[in-house]
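To start, the structure itself, in structure tokens.
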């Protein structure tokens, strides 16, 4: 069993993620704009629309895509009044099928109330929305450092080869900050060079493996919540 996972650039720096299973089932994660998704899909079908949280840059395309393709919308069970109408609301520990693949739901607040992440363990892949970015993490818009720290550690049991499919192309700026606080990290230096090459070729820097993030992301490497909170404060004004 396999899934083709494709980032689709939407709005300014968002990524929606288009998933196609080997038996032809398609889903899109966090479609902030419908038009780029429709350009990729053309006349192909779309079965599911998956939302990690209620912020409009992750949801604005959902209703148009549903109208065009008849896809069902799944999203978090909290802040329903801020979300497009859902066909299914999802809570922590629930799961559903994408074709033959089980998709697990993790509650990962801190950036947004009710934020959820999607995990497909047999790929493996993680759709982290605005919780985990390459070399960074989400801002504390609707939660505390403690919440976001705990949310990041919900991913601890995932293997290093897990593909991190995050919601934004923030990698260059995140690495600049990461190198300022971890200047002797050779893995981070190598990742920085890789990212610059990708961007120079107009290629996405995502997905990236979770193992790479564990070696290079200062927010995943923070030993405790106090260090994490200090890093988040420093990044906010960097």
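FYI, residue positions are counted from 1 along the chain as it appears here.
Cβ atoms are placed via backbone N, Cα and C, with glycine included.
As annotated by TrEMBL, Zn(2+) 1 binding site applies to 53, 55, 111, 130. Its own atom aside, the Cβ of residue 111 (Zn(2+) 1 binding site) has 25 Cβ atoms within 10 angstroms in the protein chains shown. The secondary structure of residue 111 (Zn(2+) 1 binding site), as reduced to three states from DSSP, is coil rather than helix or strand.
Under the DSSP three-state reduction, residue 58 (Zn(2+) 2 binding site) is assigned to helix. Non-local neighbourhood of residue 58 (Zn(2+) 2 binding site): 14, 30, 31, 32, 51, 52, 129, 130, 167, each in the same chain, at least six residues away, with C-beta under 8 Å from its C-beta. The Zn(2+) 2 binding site feature in TrEMBL is assigned to 57, 58, 130, 168.
TrEMBL lists 13-168 with the feature domain 'Metallo-beta-lactamase'.
Secondary structure from DSSP puts residue 130 (Zn(2+) 1 binding site) in coil.
Residues 53, 55, 111, 130 make up the record's Zn(2+) 1 site, and a Cβ search at 8 Å around their centroid adds 52, 54, 58, 112, 115, 129, 131, 138, 141, 142, 167 from the same chain. When secondary structure is read from DSSP and collapsed to three states, residue 53 (Zn(2+) 1 binding site) falls in the coil class. In this structure, residue 168 (Zn(2+) 2 binding site) is part of a beta strand by DSSP.
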